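Please read the structure below before turning to the comments.
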Amino acid sequence: MEYSTFGKHIIVDLWGVDFSLLDDMHFLEYHLVTAADYSGAHVLNVSKKEFQPYGVTVLVLLSESHLSIHTYPEQNFAAIDCYTCGTTVEPQIAIDYIVNILKPERMHIKRLIRGIGEIVTAD
């Protein structure tokens, strides 16, 4: 069986997010796994790390690639990354879910199409 190299990659910077949400590893893990499920992805594993004095990284390994968040609560900032291979998963659904939960004051987003030769911006 030959697999397609096509993939969608969405990177997001969130600013103005509540400190307590960004420093709660279990809250973020639950919502990233839920977001992955809603997008149609298959969760394989979750790796997470709390940093001192603040901050969290959660990486959700997907059969289709990954979903991650890195937080800087003291700056009310989160960086989210979602890359999915193939056409069966829609990463925008995962991103929309997370943004709705975190309610940032502002957001910067880039959507990329990968695996078709040149990396193409989908915005």
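The chain as shown is numbered from 1 upward.
Any Cβ shown, glycine's included, is placed from N, Cα and C.
Owing to the predicted nature of the structure, the values given are computational and were not obtained by experimental measurement.
Copied from Swiss-Prot, the annotated features are:
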ACT_SITE  Ser65  active site, schiff-base intermediate with substrate
ACT_SITE  His70  active site, proton acceptor
ACT_SITE  Cys85  active site, proton donor
MOD_RES   Ser65  pyruvic acid (Ser)
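Residue pair His70 (active site, proton acceptor) / the residue listed as 'active site, proton donor' shows a Cα separation of 21 Å.
Taking the Cα atom of each, the residue listed as 'active site, schiff-base intermediate with substrate' and Cys85 (active site, proton donor) are about 6 angstrom apart. Counting Cβ atoms from all protein chains shown, Ser65 (active site, schiff-base intermediate with substrate) has 20 others lying within 10 Å of its own Cβ. Non-local neighbourhood of Cys85 (active site, proton donor): Tyr3, Ser4, Thr5, Phe6, Gly7, Glu64, Ser65, Gly115, each in the same chain, at least six residues away, with C-beta under 8 Å from its C-beta. According to its DSSP assignment, His70 (active site, proton acceptor) is in a strand.
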